[in-house]
Amino acid sequence: MTTARDIMNAGVTCVGEHETLTAAAQYMREHDIGALPICGDDDRLHGMLTDRDIVIKGLAAGLDPNTATAGELARDSIYYVDANASIQEMLNVMEEHQVRRVPVISEHRLVGIVTEADIARHLPEHAIVQFVKAICSPMALAS
């Protein structure tokens with residue numbers, strides 16, 4: 001069985017919950033990524049921060065990106081999978097919560113991220129279409 005650990009992007013860097021939105025955006029630009037996990041002072045996952053969050057929930061909401069922090073934009077709910085999760089379990093989490101990336105946890109620590117592209121490489125073509133439709137429904141685009 002293929003697991004999250006098998007297909008994840010390891011070596012993921014967290015943005016600290018006290019880091020500014022500007023610092024997070026600069027890191028995203030430098031590393032050509034669209035999302036970062038938010039970790040607290042306890043090194044545990046507190047949420048995810050996307051480039052879209054910075055624009056919609058930060059800038060468009062009038063927050064100052066030089067003083068507003070990643071932690072302020074952390075979502076109330078944290079969606080993740082265990083490192084031993086199957087592809088189906090990952091699909092279920094991503095589809096249910098309409099997210100394109102899901103952090104991978106092992107022993108309460110962040111060990112990687114699985115993206116929609118990582119999963120798509122392990123699905124038959126007909127399943128890819130269904131998966132993309134499920135995570136890109138109008139509800140996902142409106143939130």
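Note that Cβ sites are derived from N, Cα and C of the backbone, with glycine treated the same way.
The Zn(2+) 1 binding site annotation in Swiss-Prot covers H97. Residues or ranges marked as Zn(2+) 2 binding site by Swiss-Prot: H122. Swiss-Prot lists C14-C39 with the feature disulfide bond. Summarising the annotation, Swiss-Prot assigns domain 'CBS 1' to 8-65. Sequence annotations record features per position, and here Swiss-Prot assigns domain 'CBS 2' to 73-131 based on sequence analysis.
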The residue listed as 'Zn(2+) 1 binding site' to C14 (disulfide bond) - Cα separation in whole Å:
21
According to DSSP, collapsed to three classes, what secondary structure does the residue listed as 'Zn(2+) 2 binding site' have?
coil
Minimum Cβ neighbour count within 10 Å among the disulfide-bonded residues C14, C39: which residue?
C14
Using DSSP and three states only, what is H97 (Zn(2+) 1 binding site)?
helix
What is the number of other Cβ atoms found within 10 Å of the Cβ of the residue listed as 'Zn(2+) 2 binding site'?
13
Need one number: mean pLDDT over the domain 'CBS 1' (8-65).
93
Round to a whole number and give the Cα-to-Cα distance in Å for the pair C14 (disulfide bond) and H122 (Zn(2+) 2 binding site).
26
Cα distance, C39 (disulfide bond) to H122 (Zn(2+) 2 binding site), nearest Å?
29
Counting each residue once, how many in the domain 'CBS 2' (73-131) are helix, strand and coil under DSSP?
24 helix, 16 strand, 19 coil
Over the span of the domain 'CBS 1' (8-65), count residues by DSSP class, listing helix, strand and coil in order.
20 helix, 16 strand, 22 coil
